[in-house]
Amino acid sequence: MVDAFAYVPAVVLLPFFSFLVALGAGKYLPKGGAFGGIAATAGSFLLSLWIAATVAGGRAYDETLYTWAAGDQFELTFGALVDPLSALMLVIVTLVALLVHVFSLGYMNDEGETGLPRYYAGLGLFTASMLGFVVADNLLMAFMFFELVGLCSYLLIGFHFREPGPPSAAKKAFLVTRFGDYFFLVGVVAVFATFGTAAFAGEGSFPALAEAALAGDQAVWTPGGLDVMTWFTVVGLLVLGGVVGKSAQFPLHTWLPDAMEGPTPVSALIHAATMVAAGVYLVARMYGFYALTPTTLAVIAFIGGFTALFAATMGVVKDELKQVLAYSTISQYGYMMLALGAGGYVAAVFHLTTHAFFKALLFLGAGSVIIAMHHNEDMWDMGGLKARMPVTYYTFLAGSLALAGIFPFAGFWSKDEILYEALVHGLNEPLLLGGYVMGLLAVPVTAFYTFRMVFLTFHGEPRTDLAADPEPVRWNVKGPLTVLGSLAVVTGFINMVPVQKVLGLEGIDYLHRWLDNEWGGIDGLSSHHYADLGPYSSGYIAGGEVPTVLVGAAVSLGLALAGLGLAWRLYNVASPTEHTAKLGGIKDVLYNNYYLDELQVWIAYRTEDIAGGADTFDQGIIDGVVNGVSSVSLAGGSRVRRIQTGLVSQYAAMLTLGLIALLVLIGVNGGWFL
Amino acid sequence: MILEALIGFTFLAALLVLLAPNAWAGRLAFALSTVPFVGSLYLWSRFDAVGNALTGGTIAFESRYEWVEVGGRTVSWFVGLDGISLPLVVLTTFLVPLAILSAWTPVDTRQSQFYGLMLFMEANLLGVFTALDFFLWFVFWEAVLVPMYFLIGVWGGPRRKYAAIKFFVYTNAASLLMFIGFMSLTFALGDSIGSLALPEITQAIADGGLETWFGISPGRIAMVAFLATFAGFAVKVPIVPFHTWLPDAHVEAPTPVSVLLAGVLLKMGTYALLRFNFTMLPEQASALAVPIAAIAVISVIYGAMLALAQKDLKRIVAYSSVSSMGYVILGLVVFTEYGVGGATFQMVAHGLISGLMFMAVGVVYNATHTRMVGDMAGMADRMPVTVGILVAGAFGYMGLPLMAGFAGEFFIFVGAFGAPSLPYAPVFTALAMFGIVIVAGYLLSAMQKTLFGPFRLETDYEIGRAPFHDVAPLAVLLAAIVVLGVAPDLFFEMIRDAAMPVVEGVSVDV
Amino acid sequence: MSNALPAWSALSPALLLGLTGLALLLVDTIRPNERSNTSMALVSALGALASLSVTVWFVVAGTGHADTGGAITLLEGAVKVDTLALFFTAIFASVTALVVVAAHDYFHDHANPAAFYSLTLFAATGMALLAVANSLAVVFVALEMVSLPSYALVAFLKKDRGSVEAGLKYFLVGALSSAVFLFGISLVYAATGSLIFGEVASGIESLGSLAGVAGIGIVMIVGGVAFKTASVPFHFWAPEAYEGAPAPVSAFLSSASKAAGFVVAFRVFTEAFPLGASLAAGIDWALAFAVVAAVTMTLGNFAAAVQEEVKRMLAYSSIGHAGYALIGLAALSSGSAGNEAVMGAAMAHLLVYGFMNTGAFLFVALAERWGIGRTFEDYAGLARRAPVACTAMAVFMFSLAGLPPFAGFFSKYFLFMGAIENGFLWLAGLGAVNSVISLYYYSRVVRAMFLDDPATPSALDAIDVRPTALYAAVVFAAVATVLLLPGFGPVIEAAEAAAEGVIAASGSF
Amino acid sequence: MAAVAASIPPQWYLLLAAGVFCIGLFGILTRSDALYFLMSVELMMNAANINFVAFSLYYGDLTGQVFALFVIALAAAEVAIGIGIILVLYRNFGDIDVTVPTEMRW
């Protein structure tokens, strides 16, 4: 049979070609090149499935495909690494991309947007970069595509460049993530300097070398003879900078809500399902390195937990549909970070998977609502859409249940596992426990704002004429919604750990076994290996594993239901009203996102002030000196010329004096007068 | 012989264009200027040099005729190429035709003189990059000033005379300082050299040929020579604090001249630094590594901060050139394969990218007759293609992967971070790298203000679509940038080959 | 080659010049009332060119060169023909040719131009004689032979106040200087008992108690040289003389006459006062020259930087260049290998200077012929009306500033190289600073001609004629200035040979 | 005669010459009248002549004396030129005061 892995580059290149086609010939093609993109992503999706199947068939793939720079000091290469993790990610990305392309037909074409070739070119390039990032086999390549992903998000967020908002949002998105990427790049360079390679997998890979170095049987370069452990922690944190930026973790999360300026499908694809996932995916990709440094893990966990709670609280008071979803995205990625920090590698990937589906679903649902509402996003103008757009409603509901973590929807399983991991490992780790507590507190908040959103949008009476008579949506909107809706319901079942633990049914934790290379994979990249490397030991409450599982699940589910109930109580009425007043002073803080944007704006302005000062200094002092030299010498010149008085007898006098001076000089020097 | 043909042809072309009528001087100049480019491609295809021309590597297309003998030193016509000079020759011959194309629109007076001077400058630039005899090199080095003086002074902006004279006098003063420093070095070599051929001088210094000279110890002579030449070249590069002539020159110069100024003339300085300071006097270079790295970092950050403060698009790009040159200096001083090689590669990359930026800004200027950030907004609405390329170029400047700029900068960073010969290398590198954030900051905000948002233009000009001969060079440059970004080894391979001897030259001392 | 001819024929360059002068007088006396400006110019140009060609032939044939039987001495050793002499004779002859050709148009409406040509030729003869002088007596006579016509030439425009004032100042300072010079000679004679260089040199080696006398004498001779070369402190005449005199005369004085001063210096101070011996006697004339050179170049350049009139700027710049050329004597150090190089470079610089500076002054002559003003502003936009001449002027300016691809670049940088080689870093450094300043004011001219716009549209309407001869002279000078860069090899080699000759003749230098 | 001359030590001649020279110089520095100027220059030249004659006697060779004759002739020529210039000076400036013409300065 043909080797599926031979087509790994094709997976990346197909969308790239669709980018070229849309860019070059888009305006001559029907639908502005949409079909090209659909075909390409569909192709990539099928190939990804095939590749995943091949991996399931017990094989993996790690090849260097192209040498970028063949130095003796370092060899900089591109390659493909296909193991269970990347295979899974490939499927997710291509599927969501495909659905988003289809949905765009409804959202962009049917709405008569202009500049569609640019749009589909952007989508294509984005998909290509993301896939390139997923299959990257070394840190440098990962960084490169990571950056390209950033470029695409810039282009797509700023798609409506004629309006003032989007360009600014795009700038902010790129700039903030660029700030994170700076640390990432330093990390990449540091990895090269330390290990001489940046490969993810294999004997010579840098996680393996790091492991050996810590074991003491491998010498590595460290700056100024720094202790190896400390240095690795530093490197890990540096790379983490990029993660925090891309995955919109505190304090670099501020770009994501603004990024909602982009077209909704873009938000679905980039700011929910895939690009933001890149950060988390990166940590998972090089988890073998992070697992070695407890400090880094603890930091990751704490950032994650904090972000989860922090973002959720802000989501409570937002009035616009997509804003709520934006903050929920940030919060959910906080959970994944918490999981990774807590040593819950599988849990993180699990939540990544489920979240990709239900968040894409929610965004597309929101998109459908926005179409219906003629691009009015304010939830207070909606209401009662349930009856008028049932498909959207039920799929959206499924997504919301998943997001809120209600049994048995996808989100419940993944979130529950995360919290469980955090708990059992956190019992001996105070920092981690803090993360767990915050994650737990975020659960009811999440449930609350999710259903506040649902009720305000779909339930009650229509609060405007628009809502009373929404514009119908077509198959190209409903189709993707249906697919994702069903996925949001079922994805959870790929990894029913609690069930397995409680009922003792072996082997239904498919994802665990998948990521544990049970069907095949690459040594050193298995969840078991990571667990062995990890610093954590499990502790249990209420005596034993099973009770812990049950208690944990029960608590989180209870909290979720509580939040849901509160939302029901406040907003599931005919004509709901603002209750934010009850929050008192906190309300403003939440409305203003804890004034973090203001802080960053302030920093930006101060930087510009410094720049202005530098400019003044440059023009005044440095250039002043340069010009000063010339004016001084010219002044000297006009002094000198005054010697020429025009009076010939004075010439005679000066001539004589000069001669005498010369005589004296030479005479004294030669000692004639002695 | 072929190099003589290349340079000679360019001189003849300059003469021919000078005599041509203004009406079609531009077309003629473009047609003629493609010939050297083809020639340099031929050179590239036949390139067979190994190692570094100065450290006894085999020199490609070498040819040498004695010219003058003075003070027991023969001055000869001695030209040749190695892995460091060839990319720069190709860069020069590649940029000049594009610059000439981009001049068709803005230059509307005394065209034949303009294009003649452009070609005359190209010829001298080729001389600078091919000459292997100090005096010959210096002749070309100085001769570049003359056409530049006229190009800025005659066709420049409102303050063109000030800018021209400032550039002229400042850089010439620097050359004289450099000349004296280097001459004293050659005379301190005494009889160990019989000519001013750079390879011979390099060898002599490496073999410890320096003698005590008028009571000055060899070590001090070398150090003085290093400082003098370094300061001399620092003006050309330019390195902070010798950079103030650059923004003035750039702002006043017409677009095509800015393209060559940023694209090639600045590289003369870094090229000379690499050839003279870091290849001939590696001991002094590594002795002064920390201060040099410090000013490199200062150039990067300070230049970027200045760019952040500017309102004139050209000034922004000009200051960002100062910043980018700082990377090159950092790469040179660390004496690693990727450092020195990356620095050389960055010369080419920055040549292309800054050229593209200046050209694109020029095209916008042709349409709007303003370069002030405040005067326009939403240009993307009126000139989509140009703006598209401008955005692409800007991202190239920010070091977007798979574009040449990233390759150059990453090579430098990865080469510098763990450099053994430079103390605190990681700190310096990390500090310098922060430039990539600031550059994104000012370029993005400048683009947001001028290119995007609702269309608005203060000057009352009707914006037509830019003519093909304005946009074509932009596209070509962009293509070249991407190609080099995807396949840097096109040049980087030969550059590494030529850079390794330099690195080893110091690694024995460290 | 030279032994095929009678020995006296070695003097033929000088003789040719002198005879041409006499011929001119003859023509003028035979047909006094015929204003044959053209024929005069033609005759004198032919004479100058004839002498030039003979000189070049001699140089090529190696007359007086060590390889061909060494220098030819005549008249009991009072006169000596060697490469140095021939080299400088070439300079004088070519400058004379340029000047007389240019004068043809400059004096097109002058009452009686005839005297100009004969005076110029006689002055040139004197210079040629200076070049071959081997005795202080001959030096002084020849020097006066150069000076006296020059005074008359400067004051040639009898009705022009400027010309007269210039002539007066030139004459007064000149008379004083020649008196000083003469007294210096007398003291040297007193100390050494001879006027023939060789014998003076041996006298210097055994001075005893008379060292002081000889020292004062030598410094006074330095003064005399300083006058001819327009160096501080004897430079005061130069700005006025060059500004007031007719432009061709300024060209002649600032190039040829200056060179004449240098040939004396080079020969006297190497052959009559060898550095080694002088130092032994405590007479460090090299130091004297170093001081003079430093002050001269600085004063000249700084003053030139702030002038309003192009002609006066050129006057000061020629003072500055005298300072550069003096490096050739100042940077000599006893027994150093670099002496030939630096002195040769100075000679080469004088040759190149002969072309570029003459050309520059002739351009000014052209401007005066056109009747446009003398200030920089008056030159504004000139390039539009007279592109060829202005390009030539730009060539002169950049070449004077020492920029490639012009000959001035080579000569100046070889001069600095020589200074550095002999360890005079400070002189080279000072020279560098000065040439940066010079770059500023030279480029002012170019800027005015090419960059600036005319003050009024009608400002340049005066330019209605194309004086052929002037153009020819200017363009020829420009071409020479350019071609001397690639062709610098033979020049510098001849110059070094000349320097080697005199230094060798001085025996222990 | 020669004996007398020979019996006088040469330093005296030097001093005499120096004296005469300084008188001439003094005249030049103090007088602004062109004719005085000429005469003073004459004095200075003759001071040199004194040296030549005296030391040609002292060394017993004729070069000095012959040269002195040359100098006298040259001085005459110089005066001729000088008078000529002073003449045109008078014509243009109406005065032979050398401090009058100061149109060209700086």
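Even glycines carry a Cβ here, placed using N, Cα and C.
Features as listed in TrEMBL:
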- A:68-120: domain 'NADH-Ubiquinone oxidoreductase (complex I) chain 5 N-terminal' (DOMAIN)
- A:136-426: domain 'NADH:quinone oxidoreductase/Mrp antiporter transmembrane' (DOMAIN)
- A:6-26: transmembrane segment (TRANSMEM)
- A:33-53: transmembrane segment (TRANSMEM)
- A:119-136: transmembrane segment (TRANSMEM)
- A:142-161: transmembrane segment (TRANSMEM)
- A:182-201: transmembrane segment (TRANSMEM)
- A:228-245: transmembrane segment (TRANSMEM)
- A:266-284: transmembrane segment (TRANSMEM)
- A:296-317: transmembrane segment (TRANSMEM)
- A:324-350: transmembrane segment (TRANSMEM)
- A:356-373: transmembrane segment (TRANSMEM)
- A:549-571: transmembrane segment (TRANSMEM)
- A:651-673: transmembrane segment (TRANSMEM)
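The DSSP breakdown of the domain 'NADH-Ubiquinone oxidoreductase (complex I) chain 5 N-terminal' (A:68-120) into helical (H, G, I), extended (E, B) and coil residues amounts to 31 helix, 11 strand, 11 coil.
Highest Cβ contact count with the transmembrane segment (A:296-317) among the listed stretches A:6-26, A:182-201, A:228-245, A:549-571 falls to A:228-245 (criterion: pairs under 8 Å). With a threshold of 8 Å between CB atoms, the same-chain residues lying at least 6 positions outside the transmembrane segment (A:182-201) that come near it are 62, 73-75, 79, 81, 83, 136-140, 142-143, 146, 207, 209-210, 220-222, 231, 234-243, 245, 285-286, 522, 524-525. Counting residues 6+ beyond its ends, the transmembrane segment (A:324-350) has Cβ neighbours under 8 Å at 85, 88, 243, 247-250, 253, 256-257, 259-260, 267, 271-272, 276-277, 279-280, 283-284, 287, 290-291, 297-312, 314-315, 318, 359, 362-363, 366, 379, 403, 413-415, 417-418, 420-422, 425-426, 432, 435-436, 439, 442, 446, 449-450, 452-453, 494-495, 511-512, 515, 527, 530-531, 534-536 in the same chain.
In this chain, the transmembrane segment (A:142-161) touches the transmembrane segment (A:266-284); three or more CB pairs sit within less than 8 A of each other, excluding pairs fewer than 6 residues apart.
Note on the domain 'NADH-Ubiquinone oxidoreductase (complex I) chain 5 N-terminal' (A:68-120): mean pLDDT across this stretch is 88.
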